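Colleague: Got a structure for you, written out below as structure tokens; questions coming shortly.
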Amino acid sequence: MAVLELYTKYNRVWISDEEHVWKSAEIVKDFHSGDTVLELLLEDGSYCYTVDPSKPQLPPLRNPDILVGENDLTALSYLHEPAVLHNLKVRFVESRIIYTYCGIILVALNPYKQLPIYGDAIIHAYSGQNMGDMDPHIFAVAEEAYKQMARNHKNQSIIVSGESGAGKTVSARYAMRYFAVVSKSGSKTRVEDKVLASNPITEAIGNAKTTRNDNSSRFGKYTEISFDRKYRIIGANMRTYLLEKSRVVFQAENERNYHIFYQICSCADSPAFKNLRLLSADKFNYTCMGGDINIEGVNDKKDLEETRQTFSLLGLKEDFQSDVFKILAAILHLGNVEIKNVGDDKSSVPLSDPHLAVFCELLGVSAEGLVRWLCHRRIVLVAETVVKPVPKDRAINARDALAKHIYAHLFDCIINRINTALQVPGKQHAFIGVLDIYGFETFDINSFEQFCINYANEKLQQQFNLHVFKLEQEEYMKEDIPWTLIDFYDNQPVIDLIEAKMGILDLLDEECLFPQGTDQSWLQKLYNYLQASPMFEKPRLSNGAFVIQHFADKVEYQCRGFLEKNRDALYEELVDMMRSSKVIKSLPVPSVKPANKHLRTSVGDKFRSSLSLLMETLNATTPHYVRCIKPNDEKLPFEYDSRRVVQQLRACGVLETIRISAQSYPSRWTYVEFYSRYSILMSHVEADLNDKKQTCKNVLQRLIHDSNQYKFGRTKIFFRAGQVAYLEKLRLDRLRGACVTIQKHARGWSQRRKYLALRKAAIILQQYVRGKRTIRLEPFTCLSFGWAALVIQRHWRGYLLRQVYQVVRLATITIQAFTRGWIARKRYKKMIKEHKALVIQKYARAWLARRRFQTMRRLVLNVQLSYRVQQLRKKIDEQNKENRGLLERLTSLANSHSQTMEKLQGLETQLEKSTNQKASLEKREKKAKEDASLVSIEVDALSLFVSLLQFCLQRKQFRRSSCATCKQKNRVHKSYLNFFITFIVSQTARQKPASTIPKDYLGMLEYKREDEPRLIENIILDLKLKGVAVNMIPTLPAYILFMCIRHADYLNDDAKLKSLMNAIIGGVKKSHQKDLEFLSFWLSNTHQLLNCLKQYSGEEEFLKQSTPRQKKNCLQNFDLSEHRQILSDLAIQIYHRFISVMHKTLTPTIVPGMLEHESLQGISSMKPTGFRKRSNSFYEESETYTISSILQHLTVFHSTMSHHGLDQGLIKQVIKQLFYLVAAITLNNIMLRKDMCSCRKGMQIRCNISYLEEWLKEKELQSSNAMDTLEPLAQAAWLLQVNKSTDEDAKEIIEKCCELSPVQIVKILNSYTPIDDFEKRVTSSFVRKVQSLLQDHEGSAQLMLDADYRFQVTFPFCTSTQALELLQVPNSLHLDFLNRI
């Protein structure tokens, strides 16, 4: 669509205004090509805008209100200066938002007020987020830089620039703080703390109060923060640029010197500073020039304590600090040295000057030498050296030059020491540089400092333009859109004017080489050599200045002082004196070069070299830009001066970015976003297509005929400026037409109802009026005839109606009879069917019951079979043990049998000997009769012995014959074994007569001490959660462990019990994993083991619901309360780990599911933002999450906990914690995302909350109080939907939003964003009304909820009904070394 066609009635435009820069006007009449006047309506009356028909220059169009307040200025449909100004004003003044994107630039307006948007909770909220997903913030820029460094392995830089007082230093400080928080070093050195600690020191020695800023940085600073391969801070390095040395000796009115001077003066009475002989700051010349020495709200004494603490934190010792303070005090005393005029060309300093004595004493230099070389100058001629006195003004200049150089080198020394302290051993893998540098400056009188500052900004602007151009080209190439060359401002001619050969700096250095060179002679050279340059001008009314056409504005520079500041010379004699100072020598201050050598490296040349080095560094990194804007000069909070803002926008390159974007296709929509927003403009045929991309193409080709106004990319549609506004107009017209149609029919229906009611009333009134008139006019006879006729008509009509009634009654009765019969037959058939269905159901249910019974019986039989098999295996094991014992005993009996056989053989030999003896004795009997009695006794004895031997031989033969058969052998073995067992039992009974063998199991498990590691390994470390035994009894490991504990207690073995408890606790600790099921399982078992220790402890409070058998099984010998406490702490650790794993799983789904997904069909909360993903780092398209995803995760968590037998009380606590996480993350995103603060989004949130409530009811978890944690979120959703206009609305908000803090309520009201033109914005007066009502409202001052907050967990005691004596140890656990007692 052509731009001229958009200038129609009711559209609004911007016209220039001297006071407000731009003001809005409404078009009264459509503008057509060839018209010479555009009729407008202003607030103060009508206005005619003159237009040249040949070259129509129409005023810029104003964006629809629905597009105003966008996060990104480049997303506006009309991109121009007034649109940018108005958008910033709406965000800053009405929404109280200080950050806004402008393409790749973050525009930051100084609020001059502390805002609660920089806490650690905000940092963690932005950590890991893509740029553009959250509201603009300095943390978003820092996160993008950190993410690109980690993903692309490339160095990054953040360039912070702006006027003095715009907030550059604070922004740079917050960026560095973000890196320190998100990239903890993890080392004991705490490098990130040292990096942050360097800020107070550099601000003390480099910042000062100016007319524009109470804490203005008077130097440029580039801080490189180094990271290792794990992207943790390992160090930093700082480079400084162009310190304003002249401030040491001169301050303008209402300005101050550097803060450090006032800090040491505030502690003049302190014992540590007595030797410095300091006075009040208003007593020193160098600190009282500006007038007021105090800054409102600043405590210099307290700031000095912080400065000294940071010195100590950086490792700078007391000796170094003492030398620094000595030099600072010496500079102050030097400024008070009085130089008197002696004649016309001479000056002197009295040696009795007290400040002179203190200066020389502090620095350890000679007073006579200092006085001489302050008031004299040595001139070296060809033949001789002459010492010449100098006048008073030259001597004062020499004194001030000395003070400036001492301070400058002290500044360099401190920076060097800070850099040394920030260097940590370790190799740098990457770095992020933060550049805090002055923005473009123009004052009434501009000198050498402003020239260098603007020169640096020219270089930075050139680098910025090239980077913007490059990013635009990359975006087009990525979307496969033809690239057309964009014309952008190139400031290379200005840079050449300054730094090229025979440029301004070159001519300045050349003039400084001449001893007689002056500012005027240098200026004349500029006029002669540079007059032909279009960027250089000579002022008409001044011969002591020159003008340069910078990219931001024309600047007139006064040439006075350029040569002196560029030379920055100091007399060699004073330099030699400073070299002799002991204090100066103790500090590694760079030596001051002599004047003639110093001229070779002028200030301008050094600045050009350092700037060139800086640009090389920046060009080697990926830059990120932050432009700080000063909204007003009075430092008033949230006051917006359009003239001051537009001046800075022009100077910092924001408008140039807008101009480049406007030349191409600034508005960029994804196909899904376009389809969702403009589906109302589609026909039914187009909307029914499955291919949304093709649908969008068809719709656009039908609505916008000029194909050059848009381009189709791979994932996005690119629009030229104004086309989104045109589509919004078409959408609004369609909605307005639909509204008019609805209103038309509704009003027609309402009017028809009213008309019919009035008509009916009118007819009734007419009937009464006409009847009364007829009665008056007709005679009596007519009335009688009329009455008679009515009576006849009545009876006749009655007769006819009775006849009709009889016929109708008869027909009705007949119909009713047939109908009732039909209904009865239908009911009968239905009953028959139901009866048959019941019979079928009976048999089917019986079949199903039998099938279930058979299945259950098979299951029971399988369980019984497995149990019996287990018992048989156990009996077999016992029989095997018995058989092994019998074999051992049989072996021993065989050994004894062999011994007996040997004894029998010995007896046989003895028998043979005795037989021989008997024969010999019979022979002797005859010979020795006198010994007859003795022989008879011996014979009897031998016969007895022989009979014994015969018995033994018979027994031997019997044994041999009995071994012939196996059965007899077994019987013999058994007889021996029975005898042996009887003997062992009798012996055992004698040894332990008091022991009793129970007939039933006691619920204990016996194990050997050496099997303890196997027990822990099998039951804890190597346990498989998918086992059948674990699924049948989830807390079986807890019961097994407790039964082992009971056995140790039964044995009264203290060492064994302690070893087992320590092994259990250690094993559970080692088994900590990140697996959800594992943590759930061991949380349940740890809780059950804790309950068992309580239930069987014997304490009365835990025995109330125990059975008599459980009371009998209580622990007898030991008190395990200490171990219970350790186990309770372990359970708490597992619980928190369990919660953390669920948090990690659930967190990615919360924001998409609760906020971004459109759960209500037909209600779109998407704004026409032309949103573009601003993150340049690589990322894959993430999975789409919905509220169903959240519910699915919750269901998985709940089923896992229930499956593992977790106590219901613990499940409720877990669910409450998860619901709090959902509420906290969702509410925090609402606070940080302006696009989520709309009425329709409130409806979506309340719908999602209802889904969560239904889930709680389904799982019967209403008593968990989880819904209470969602109350702040529900109130925020209600606040987005409620009316926000009247005083009654404000009171209702205060009453209903009791769970939200005042800061959160105000933030939501300020961020409220209408989705359509039919909605109204929240006015500033209403927000102020709510704030006034909230003054007495108690609440937290925190904007964010702590998503990492944990409710206190309690482990409820629940008596176990499980009988320990009935538990079986499954074989799948491989615990065969455990024996049931």
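Sequential numbering from 1, following the chain as shown.
Backbone N, Cα and C atoms are what each Cβ position is placed from, and that goes for glycine too.
TrEMBL labels come from automatic prediction, so no person has curated them.
As listed in TrEMBL for this protein:
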type	residues	note
BINDING	Gly162, Glu163, Ser164, Gly165, Ala166, Gly167, Lys168, Thr169	ATP binding site
COILED	862-931	coiled coil
DOMAIN	8-64	domain 'Myosin N-terminal SH3-like'
DOMAIN	68-732	domain 'Myosin motor'
DOMAIN	1058-1336	domain 'Dilute'
REGION	611-633	region 'Actin-binding'
Colleague: Along the domain 'Myosin motor' (68-732), what average pLDDT does this model show?
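Modeller: When the pLDDT values over the domain 'Myosin motor' (68-732) are averaged, the result is 85.
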Colleague: When the domain 'Myosin N-terminal SH3-like' (8-64) is classified with DSSP, how many of its residues are helical, how many are strand and how many are coil?
Modeller: 0 helix, 26 strand, 31 coil
Colleague: With the cut-off set at 10 Å between Cβ atoms, which of these binding-site residues ends up with the most neighbours? Options: Ser164, Thr169.
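Modeller: Result of the Cβ crowding comparison: Thr169.
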Colleague: Specify the count of other C-beta atoms within 10 Å of the C-beta of Gly165 (ATP binding site).
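Modeller: I count 20 other Cβ atoms within 10 Å of it.
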Colleague: List, in sequence order, the residues of the same chain other than Gly162, Glu163, Ser164, Gly165, Ala166, Gly167, Lys168, Thr169 whose Cβ lies within 8 Å of the centroid of the Cβ atoms of the recorded ATP site.
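Modeller: So the extra residues in range turn out to be Asn110, Asn213, Ser216, Ser217, Gly439, Cys628, Lys630.
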Colleague: If you run through the region 'Actin-binding' (611-633) with DSSP, how many residues end up as helix, strand and coil?
Modeller: 9 helix, 8 strand, 6 coil
Colleague: Identify, in sequence order, the residues in the chain of Gly162 (ATP binding site) that are 6 or more apart from it along the sequence and have a CB within less than 8 Å of its CB; answer 'none' if there are none.
Modeller: Ala108, Lys168, Gly439, Arg627, Cys628, Ile629, Lys630, Gln648, Cys652
Colleague: Would you mind listing, in sequence order, the residues at least six apart from Gly167 (ATP binding site) in the same chain with a Cβ closer than 8 Å to its Cβ?
Modeller: Ala108, Asn110, Cys628, Lys630
